[in-house]
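Below: one structure, written as structure tokens.
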Amino acid sequence: MEKAGGSPAVGGSYPQKNAEILSSQYGINLFLAGLLLTFAWAVHAVGISKSHLLSYLITLMLIQLLWMLWYLCRSCTQRRLIRDKDTHAGARWLKCGITLFAVITLILDSFKIGYYIDFSNCLSPTEGIFPVTHAVHTILQVYFLWCHAKDVIQSFKTLERFGVIHSVFTNLLLWTNGVLTESKHQLNEHKERLITLGFGNITIVLDDHAPQCNCTTTTLCSIFSQGIYYLYPFNIEYHILASTMLYVLWKNIGRKVEYHQQNKTPFKFHGITVGMIFGLIVLTSTIAIVVVYLIQIGGSKIKSELALTMFYLHAIFVLALMCTAGIVALLIYRLEDRSLDNSKNPARKLDAELLVGTAAGSWLLSWGSILAIICAQAHPKYTWYNLPYSVLVIIEKYIQNLFIIESIHREQEKVNDNIKTLRIVTISRGSTLSLTPLYKEIYNGRATHDTGEVPCLFKGSICGRENDDAGVAKEETSQDNTSVMHSASDFSFYSRNSNSVTKNKRRILKNVAAFLFLCNLSLWIPPAFGCRPEYDNGLEEIVFGFEPWIIVVNLAMPFSIFYRMHSAASLFEVNCKT
């Protein structure tokens, strides 16, 4: 009977598991085809032009647009139905962040449209169609994520799996395209700067995809062409955030939701003044360093070396502060006795996996720099600062990952959580008498009526229990009450001290999270806007060779940049939960 009863459930899981496997394989093949097409365009493969790549991306975006419109229309017709929601997915602050990046992406699309109009004589029509399609895709996708990022889809599950995974890998391909375009621009600038550092033995061949015609309006063309590359970092972050939110939606399809109340965790500035002040100092100084770096690097050999030295010293100081803050937070966690939340949560699991996975990009670059310093025969003075910088990058991300992952897995502190069980025991005629029920009964404002007991301690007040059946003398009652009052006074003193210590720990943790949040934003700015000593150092190119090291940097750098933004988002959540 048990097998017969259980077989339908087991058999019913097979189609859904097969749909998950089939849809994931469809998405992977979709991505690999686009990745090879992107690579072929990047290396100037015969018969492959940019119009072929853009046509492929336009087709993918149009298919996603059709699916999103179908999903939105179906949701409107079923809006009266109660749908399951994943309360952990699609947080409001995450939606606000992706909206900000989407607005800047729309500005980027408008720049591309203007660029196409100015060079329309020699550009393919796909270069004009692409930004228009991309703008429509961005607007509808942001609206879709705002309205349906928390959905747990329970109908048309097989079809929805293919639609969502298509959207995930479409955004990943758009992210790849943005990363490649921005990296090619950075590489061209890097090649021009290498000569100023004295590395003239490296062959300088610019990888130029510029239009082969004159611009109709020179001033506007210059604004559009230069502005596009300053907006690409935001476009890159937008697509990777969209793909992660859509991936969580895909993982939630057909999931059985555990219904429990989700505590709202609004962000508050109260109590994080110290962390915000130090974080803002780091942010301001980082912006100043980046501006000076971009001005000085490539001007002359002396200016370039000073710019690199300045960058390394500032980064070493910031990373040392971040390591110290992370260690303090982890020590506080070791002193606390709080259980971890091990419930199934796709969003939290993805956050942890992305932290470790994307950190590997920075670790790869850091170990490459350490190996280059050890193996190089000649060491310019500024390269020695690269050694402590690379070591601290490894240590800091190791500590920060541990802090964030433990923070998002810790259960939120409940009211009066330090009071596990409260019973005041008095001695009366050689017997023990329990005068209070469990703290849960006190907190709910009720006592156990079956036994006739009434809470004798609630918020520091003392109450007595009348006993009409037993005759007790006034002297004995007064003595018992005095004993109870002493016990209550001792407990009240202990409770106040415990609450004070807990509040101080929470305040320190919130300040650490706020400080690390601003520091990660600060460290996102330099590589995102062209301040990349891994390019300009020059030592790694000599040890590993120019082309191999550039390939490593171009593969690892996008993950390193995304790590900082994702860490900032996770730390914002940690600050809200603490």
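Just so it is clear, glycine is given a Cβ too, placed from its N, Cα and C backbone atoms.
TrEMBL: automatically predicted annotations, no manual curation.
TrEMBL has this to say about the protein:
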- 26-47: transmembrane segment (TRANSMEM)
- 53-72: transmembrane segment (TRANSMEM)
- 93-117: transmembrane segment (TRANSMEM)
- 129-146: transmembrane segment (TRANSMEM)
- 229-250: transmembrane segment (TRANSMEM)
- 271-295: transmembrane segment (TRANSMEM)
- 311-333: transmembrane segment (TRANSMEM)
- 354-379: transmembrane segment (TRANSMEM)
- 512-530: transmembrane segment (TRANSMEM)
- 542-563: transmembrane segment (TRANSMEM)
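Within the chain, the transmembrane segment (542-563) has long-range Cβ neighbours (under 8 A, six or more residues past its boundaries) at 175, 179, 183, 187, 199, 202-203, 233, 236-237, 240, 354-355, 357-362, 364-365, 368, 371-372, 375-376, 397, 524, 527-528, 532, 534-535.
Counted over residue pairs separated by six or more positions, the transmembrane segment (129-146) shares fewer than 3 Cβ pairs under 8 angstroms with the transmembrane segment (354-379), which leaves the two as not touching. A Cβ distance under 8 Å defines the sequence-distant neighbours of the transmembrane segment (93-117), meaning residues of its chain 6+ beyond its ends; these are 123, 127-128, 130-132, 134-135, 138-139, 141-142, 145-146, 149, 216, 220-221, 224-225, 227-228, 231-232, 234-235, 237-238, 241-242, 245, 267, 569, 572-573, 576.
Ranking 229-250, 271-295, 354-379, 512-530 by CB pairs under 8 A with the transmembrane segment (311-333) puts 512-530 at the top.
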